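What follows is one structure encoded as structure tokens, with my remarks underneath.
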Number of protein chains: 4
Amino acid sequence: MDYQRIFEEINEEIKNDAPCGEVASYIPELGRVDPNKFGVHLTTVNGEHYSFGDSDEKFSIQSIAKVLSLAMAYNMEGEALWERVGVEPSGTPFNSLVQLEYDMGIPRNPFINAGALVIADILVSHLANPKEELIRFVREVSGNNEIDYCTRIAESEKSMGYRNAALINLMKSFGNIKNDIDVVMDFYFNLCSIEMTCKELSRTFLFLATYGICPETKQTILSVSKAKRINAIMQLCGFYDEAGEFSFKVGLPGKSGVGGGIVAIYPNKYSIAVWSPRLNKKGNSSKGIKFLELLTTKTQASIF
Amino acid sequence: MDYQRIFEEINEEIKNDAPCGEVASYIPELGRVDPNKFGVHLTTVNGEHYSFGDSDEKFSIQSIAKVLSLAMAYNMEGEALWERVGVEPSGTPFNSLVQLEYDMGIPRNPFINAGALVIADILVSHLANPKEELIRFVREVSGNNEIDYCTRIAESEKSMGYRNAALINLMKSFGNIKNDIDVVMDFYFNLCSIEMTCKELSRTFLFLATYGICPETKQTILSVSKAKRINAIMQLCGFYDEAGEFSFKVGLPGKSGVGGGIVAIYPNKYSIAVWSPRLNKKGNSSKGIKFLELLTTKTQASIF
Amino acid sequence: MDYQRIFEEINEEIKNDAPCGEVASYIPELGRVDPNKFGVHLTTVNGEHYSFGDSDEKFSIQSIAKVLSLAMAYNMEGEALWERVGVEPSGTPFNSLVQLEYDMGIPRNPFINAGALVIADILVSHLANPKEELIRFVREVSGNNEIDYCTRIAESEKSMGYRNAALINLMKSFGNIKNDIDVVMDFYFNLCSIEMTCKELSRTFLFLATYGICPETKQTILSVSKAKRINAIMQLCGFYDEAGEFSFKVGLPGKSGVGGGIVAIYPNKYSIAVWSPRLNKKGNSSKGIKFLELLTTKTQASIF
Amino acid sequence: MDYQRIFEEINEEIKNDAPCGEVASYIPELGRVDPNKFGVHLTTVNGEHYSFGDSDEKFSIQSIAKVLSLAMAYNMEGEALWERVGVEPSGTPFNSLVQLEYDMGIPRNPFINAGALVIADILVSHLANPKEELIRFVREVSGNNEIDYCTRIAESEKSMGYRNAALINLMKSFGNIKNDIDVVMDFYFNLCSIEMTCKELSRTFLFLATYGICPETKQTILSVSKAKRINAIMQLCGFYDEAGEFSFKVGLPGKSGVGGGIVAIYPNKYSIAVWSPRLNKKGNSSKGIKFLELLTTKTQASIF
């Protein structure tokens, strides 16, 4: 399919839309990003590449990285993982404590902050040098040795992380955090600080469109079943309390980050990354969602 | 694919499992059903049929009918429909008032009871003879003029419908019910009383696997986009607060009913109905889910 | 104490305050009341009377009547009453369904709408002619045979009572309503439609300042213990989610109504009624609360 | 009144009751207390003393100390205090995060843990050496220079304080904690570790029965209005979600602690402390409440 032409077409349609939403500003590092950046990169399972706009510029992938830590932890723990975190949509904002209190410290899914903290705790239990080993895993998956944390972002998040500290302390009080809180938090904030370009992000996530197989090395990153299950969780929980809207309009499993990035997977077809820093009220990239909606509408191709 | 053989294989694996869960008993008519009934019917988009067990026995499809009333209302209202009901998973049980109160009378999605009542209200506004016209629509979609309401079930539900009366009165207090409450309730209880066999149910829902086209008459029941969107809503909201689990394990959009029925759609491949009256704690058929999980695992085929 | 002089003094202090809040307008009959009405009447346990302003004008006492129906039901049921309704502050608005759902149909206290509906249900179970016998009880307590329902108000409430219908249906679904819903609702709406002047209201409630003894006939309306307990419930629950604020500022047990009336009890001293129809955001009379706050501050006399 | 005889009488009535509830055991230091300890001490405003049982044995007063820190902070901040903490009953358990999240970091009242942490934060802002100055204030109020913290208890609480850490981090994220979290937590845990005998506790709280005046030195500890308001808050919020029950049965303002202590105030009459370590499900001393209920019933004397 001629995605390049479709990208141009979509761009024509939306380029004059009034800008919608604000850049995340809870930490200065995110607030300084040019709100008008816009990049797209699609990688097919056959290795074709289609780009648009600022697709080669690095941005903070933020919560999108939670899919990668989940993949790593899922491999290590297997299905036992789900005793400590659920797979249900939360029905509440991404950082809510309400649900966590009713559910006795078991987060609804691994993509809300509480769930990602539990995943981080699991990795800290398994890994001798969590930060080093996680980034090594990400580099392997992405086929790119340059991928790295952004220490500045990580530090900045840490200094403002009271809400996450509330979540992790609450879970610790219920016995669902096994390691030292500061160690887990430090690891978590580093995880969320990873930077990629749209091209790198799209390439990194291709393994979820290829049923767990690394497209280049043909190495198995995840079993077919695990890869499909991660896609299912993204479908149900990847966009906080806007997951239904995204499924409804775009029809692909995906994950967003407050840096304005979105990655979406069309199994057996492609992985696509879009980036536009203005966020809607639910904390997801406005223009990113619009772009993907038009893409699956024009191509008449979604998983449904 | 030789679904017949796979059905036999799955049956061998699970036939000696301890029975799990109880038959719905909030009304005597449902409580009287033989808990050990078990039927399966799969219809492919090419018109092939595969059956197993009690697939030709009628049962109460209950909430599964909410997909049909949604299809009818969506056609009539178009996207304006979503001003009165959301598309997000509820995160709470199917008949919860909590969410409805916080969201000022707008139900989270059309499959929780409150949402289905709003859809019923919309149909009552549009139709001169709602009951007659709905069943006519269902018969058309199913290619079967015998499909009908079960008056006994409808009456029985009505006599126990205090929780639903609470929901509809609460929504009326917020202005989200336009018609007389008794009229809407009567229509709603009839809707939930429709009876089908697995074969009929599977055949009826085939239009969602064929992008809205009636497989026999080739007539358009829903536009491609609308059909896909209904699948997306089923994926996110079809199993109350077990939607994530079903997506995770089965990987198909589907809808369950407290009569023990489940219908699931594999777009462009098949529609399948299973029936086993014992329900798990979340109100979904235990054996039905297990069967579908094994089916998509063995065939290595799901939308993810 | 020279309450008359104190009333004048307080009036001087507040008469030029900007009017604050709006008249209840959910039914037209309440919305038509002159918002600037202001009346006060204090009756001491020794039979002294002190009035101010529009103290001889009838108004709808609304929820204040819930104290009277509680007194009647408490006498009939004794402590068994508390198996069907609690005595705890609700922490949520007066008509919330959230609490009721979590607590399985047991209302937190008899003054939130749900609780008053349970009390109405209990009276319907005990009384052959609930409406006649309740008003007879109220006339007896008040020593005034003219006290009556306002049919116009009762009818108007009934036509808008969807929220109350939601509450009572929800409780019926939990088994905490024993009688026909329409009968209980009709009785409840009549109860809330009773009209009194400040003078009548103050006189009617005097029995709660005299430990259950009718001040004129010396007849026992309630036992000492029951009278004190009703005062305690008023203290904790008489002002919805503003009970703490009222206790804190005024320091007397009391009960408000959306008609703008407030009655407050100083045990062994006096009963006072104030009326000013403008309500604050919590649904209580703004000026009424202000007046009572200044009264207990100036007299340095509260139960604390 | 011959309280001594009444104490004996009550003891006769309840001494053979089956022991009810368990000693708090979330920290070992509390779990080691003999569950059958039982002490009472009543101090009248005229300086009379009445004791029963283990009234001279020290125990951990725990949350009862929150009334003393509130008194100190209220004096310093005046009514501005109420911008940072409410005066309403919480309607939820003492350490709930739910309410705090809905109310944007403003605790419902100063006696739930979140509210007491805000009060601790306020004192940390005002005091150069918070721990020293608080204990000095407590000694002054109690007329007893021996009153002290129990370091062992404070350390033990700190090591298990994840839930409180969750609360304070959540409030910090909303901007309602101004100081360093560790400093405030350390101060808070010390506050809760204060030890007193029933006699000391009863004597310490006498100032709330004497309208803020120290009964010995005649010095003003709090203004009349502030003393009455603290009593009002105790009445509404002193027993977590059992405040209504306590008001209803006992009819006095009071405050409980998980060490099994309860203090209750009869304004202008007496202050009473009871101690029995077995707690009911709501976290309040079972036998303590029973004793106080019988006391106010037998003396026919409560504030209502």
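Even glycines carry a Cβ here, placed using N, Cα and C.
These features come from TrEMBL:
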BINDING   B:Ser63, B:Asn113, B:Glu157, B:Asn164, B:Tyr188, B:Tyr240, B:Val258  substrate binding site
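When every Cα pair among B:Ser63, B:Asn113, B:Glu157, B:Asn164, B:Tyr188, B:Tyr240, B:Val258 is compared, the largest distance found for this substrate site is 20 Å. Shown in sequence order, B:Ala116, B:Leu117, B:Ala120, B:Asn164 are the residues of the chain, 6+ apart in sequence, with a C-beta less than 8 angstroms from the C-beta of B:Tyr188 (substrate binding site). The number of other Cβ atoms within 10 Å of the Cβ belonging to B:Glu157 (substrate binding site), over all protein chains shown, comes to 23. In three-state terms derived from DSSP, B:Tyr240 (substrate binding site) belongs to a helical segment. Long-range Cβ neighbours of B:Val258 (substrate binding site) (same chain, at least 6 residues apart, Cβ-Cβ under 8 Å): B:Ala24, B:Leu30, B:Gln62, B:Ser63, B:Leu279, B:Gly283.
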